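Structure first, commentary second.
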Amino acid sequence: DREIVHRDIKPQNILLTRDGQVKVTDFGIARALASSAITETGTVLGSVQYLSPEQARGHGVGPSADLYSLGVVLFEAVTGGLPFDGDTPITIALKHVHEVPPPLRRDGEPVGRDTAQIILKALAKDPRDRYRTAEEMREDLLGRAARWREAPAPDKEDTIVAAGAGQTGEDRRPEIARRLVPAVALTVALLTLFIGVSSSWQAFKAYLNVPEVTVPLLTGRSLADAQSLARKEHLTIQVVQQSYSRTVPAGFVLEQDQAPGKMVKVDRVIGVTTSLGPELVTVPDVRRRSLADARFTIEQARLAVGEVREAYDGSLPPGVIIDQDPAPGASLERGTSVYLRVNRGPETLVLPDLVGRSLDDARRLLAELGVTLRQVTQVPRPDVPPGQVVTMTPPAGVLIRHGDAVAVTVAAAQGPGGSPPPQPIVTGTPIAPITPGNPTRKQTRITVIVPEGPRQQNVKIVVIDGQGARTAYQKTHAPGDTILTTVSGSGYTIVQIYIDNRLIQEMRP
């Protein structure tokens, strides 16, 4: 089997779990990791205190290089110090190449012979003098450990260096052996791990040699289509993000994290961003607000202010919004324009000349201009055709506004013999509203004096307001009778006086 060479065995890369399992990290380093690591044109790798001699020389390395580094780790675990140390990495590396490890001592006392022999064999300068495999080192260590357990008493030959004064090596050996138990256990676990890694190389190699496939184009497709296409290529789709889009429908792929055409291993997860469609916002109600306030409110709603047109409305203050399009509450795509109509106040216009026009013509023209015909009075004018406007108030040419009222006098029809018929006397006097809480409902006191004539005359008073037209008064009266009555209307009101079904006068209270 091919073997994996770690090349950087050191205490920092050896982890112990809570249940006693040993884990080696940073397998197969590819670069120097700290200032204590040295490189020479990329050929020397490893932490210098645990570097094998062949690594220091920049030669090729095999499994025995890791066993040398493990020997340094064991030396440090047993003695509490490193076999080779110095002020610079170069100094330490040269010691690994040329110097012999110092005697193994713990707290001034020599380490047992079996332990020292195992560690010193691992630290041999020539790789051929070391253990050939981790399995060989493990078997040697387990065999010696078994003899330690079986031995009834210490052997005088178990130490390489004699004990210090006051205590024999035999006396110190049980204590030292107890201290070596954790190091021995750690070493056995590490060697077992190395053996497992070596035997698993073929599985690891198979993992690395996974077949590759071409990443398909997923953008612009529905998520379901993208998933189906990915499955055909033995790939997996994962939605990693969702974003709004004005151009891509909801549920379609916006982006993919692996470019189309790229070669990846099978079963690779391709991250995609899908569209939520356009971001919709609700149109706020800006009517009756100032233009500046309306702009701020619309922009806060992440919409835009479109064309602003001006219009006239005498019922609202100038500068406020009369209307908007789209209407409040509508759902729009973010950034859509809202069109506004801002009030210029009452519209002023020049009152046209009504004199010489018929009453019907004058009424139509004023209606087109939004002006009210408030009062119509008939006067005898033998020189003017009946029904033609004779005078107007206010006069032609003045500036008026929508909703203003105009009064006119028209020529009355001629009576028998060419003389104008007698005219009634009509007056209208506004009085207080019917109820203080409803100021738009008005009352007017009407006074009509029936004109002279040979017979009784039918008098009718018609009220026209927001509720329609209705007859407020109708009776037959003798010439000279005085009629006193009160009429009421809501909002804009017109009162018409008829005698014998002929309009005599029209007024706006």
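Count begins at 1; order follows the chain as displayed.
Glycine is no exception: its Cβ is also placed from the backbone N, Cα and C atoms.
The domain 'Protein kinase' annotation in TrEMBL covers 1-142. Per-class residue totals from DSSP over the domain 'Protein kinase' (1-142), listed helix then strand then coil: 60 helix, 13 strand, 69 coil.
Feature annotation from TrEMBL assigns domain 'PASTA' to 209-276 (among others).
The feature domain 'PASTA' is assigned by TrEMBL to 277-344 (among others). Per-residue pLDDT, averaged over the domain 'PASTA' (277-344), rounds to 93.
The annotation domain 'PASTA' is assigned in TrEMBL to 345-412 (among others).
Under the heading region 'Disordered', TrEMBL lists 414-440.
Here TrEMBL flags 180-201 as transmembrane segment.
Under DSSP, the residues of the domain 'PASTA' (209-276) split into helix, strand and coil as follows: 10 helix, 27 strand, 31 coil.
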